[in-house]
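As recorded in TrEMBL:
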type     : residues  : note
DOMAIN   : 74-135    : domain 'Sushi'
DISULFID : C106-C133 : disulfide bond
DOMAIN   : 260-320   : domain 'Sushi'
DISULFID : C262-C305 : disulfide bond
DOMAIN   : 322-380   : domain 'Sushi'
DISULFID : C324-C367 : disulfide bond
Amino acid sequence: MEGSPYRTCSNGQWTGEMRCLSTVNKEIMDRHNIVFRFSRKEKLYSRHNQEAEFMCSGRTTHDRAAAMRQRCVDACSTLPDVPHAFVSDETKKDEYQEGDVIDFTCGPGYTSSQPSKYVCTRGGWLAVRQGKCYSCSPLPDVPHALVSDETKKDEYREGDMIDFTCEPGYTSSQTSKYVCTRDGWMAARQGTCYLLTTSCDPPPAGSFIVKGLPENDEPIGPDHIITVSCDGPGKHLNGSSVLICGEDGQWNTPFPSCIENCKVGDVPSNVYTIPDVRQLRKGEKLKFGCSNRRHFLQGNAEVRCLPGGQWSDSFPTCGGPVGCNNPPALVDGDTVTSLKYQYSHGERVQYTCQNYYTMEGSPYRTCSNGQWTGEMRCLKPCTVNKEIMDRHNIVLRFSARGKLYSRHNEELEFMCSGRTSHDRAAAMRQRCVDGVITLPTCH
């Protein structure tokens, strides 16, 4: 027994620690072909830290693996061998007893997803958790490639990733990527850096800002990506802002150009713009209006931005209303009164259509700040005569006239002539629509 042979009840808890040490007997020694040198007892109790001396039994020979004189020590005196690991400072002791637990920590340059843990038992150390200390060093060997600065470290742990970039003069369609695992480095993506034999021409100098060009004027290899932008707020990019160098040494799209915007300047104070901006791009429109409701625009109410930063027309001004010249003519119609050379703002002219024509819209046009407003048109009548009706074998049901004018939107009704019959392709009652009428046919 090691320790006091007594345990004492203390406030509901037993105090006092002891343990019993193992024995050496004949059965155990027979398995090793040994006997005690100075004792013939079949079972010997040797106290902890005492020595016992053995000798070979019969004609056997000592294998020299262990000395014949041995000391009785605790079963947990020898620590477990965990490669590349040592017992943590928190659990390290000079002597361990049954029930003691030790944790292992990986040595420098090594790591583990779960550190090893052992517990001391009567039979020796028992693994509670077995971990493996592994190292992601040295780095993988990727020909003509270097670890990128963004992923370079002094020490790597499980889950860490490294990216490779090709050496100058070499290129790759895809870069290599490795991940650190408990078994070392594992390739997540494998690329090959090959000697650069084709390259794309550099972008034109001074035309725009370029980002992503290789350093030190290195060649631009396949799959290389650059971005471009214009060098000022008064310009915009016409084309793609991202270009990729192809395997054939050609860019995937033509280089864009920087186009001057149209600047919105020198607008009179009594004129407002829509939209209210300082500049517009090519093709965009700018509209104008007068701040004073009693004023009218003098000039174009809308302009368009043209290439080169120019406007399609000059900007208008705002002021009092102006008169009009002669009003426009009306097709198949005329003015009711004689025309004048000049008309005042707000003055109007009445129109009328020719006989049998029908007016669509208001009969008036009004002078509004130099422009005539008001839309109308004269819709044509339909003409039906005997010659046309004879070709269709039809006659008018309610008229015997040889020629008939039918106004727009009026209806005419026909019937078959003689003993002919209606073919049903068109109804016998038809409406005149701006000079066009569909005639039925009889056979």
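Please read every residue number as a count from 1 along the shown chain.
Glycine is no exception: its Cβ is also placed from the backbone N, Cα and C atoms.
Here the features listed in TrEMBL are painted onto the structure.
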| residue | record | Cβ within 10 Å |
| --- | --- | --- |
| C106 | disulfide bond | 21 |
| C133 | disulfide bond | 20 |
| C262 | disulfide bond | 24 |
| C305 | disulfide bond | 23 |
| C324 | disulfide bond | 23 |
| C367 | disulfide bond | 23 |
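DSSP classifies C262 (disulfide bond) as strand under the three-state reduction.
Looking at C367 (disulfide bond) and C133 (disulfide bond), their Cα atoms lie 97 Å from each other.
Considering only the disulfide-bonded residues C262, C305, C324, the residue whose Cα is spatially closest to the Cα of C106 (disulfide bond) is C262. DSSP places the residues of the domain 'Sushi' (74-135) in helix, strand and coil in these numbers: 0 helix, 22 strand, 40 coil. Between the alpha carbons (Cα) of C262 (disulfide bond) and C324 (disulfide bond) lies a span of roughly 33 Å.
Taking only the Cα positions, the spacing between C133 (disulfide bond) and C305 (disulfide bond) is 70 angstrom. Across the domain 'Sushi' (322-380), DSSP assigns 0 helix, 27 strand, 32 coil.
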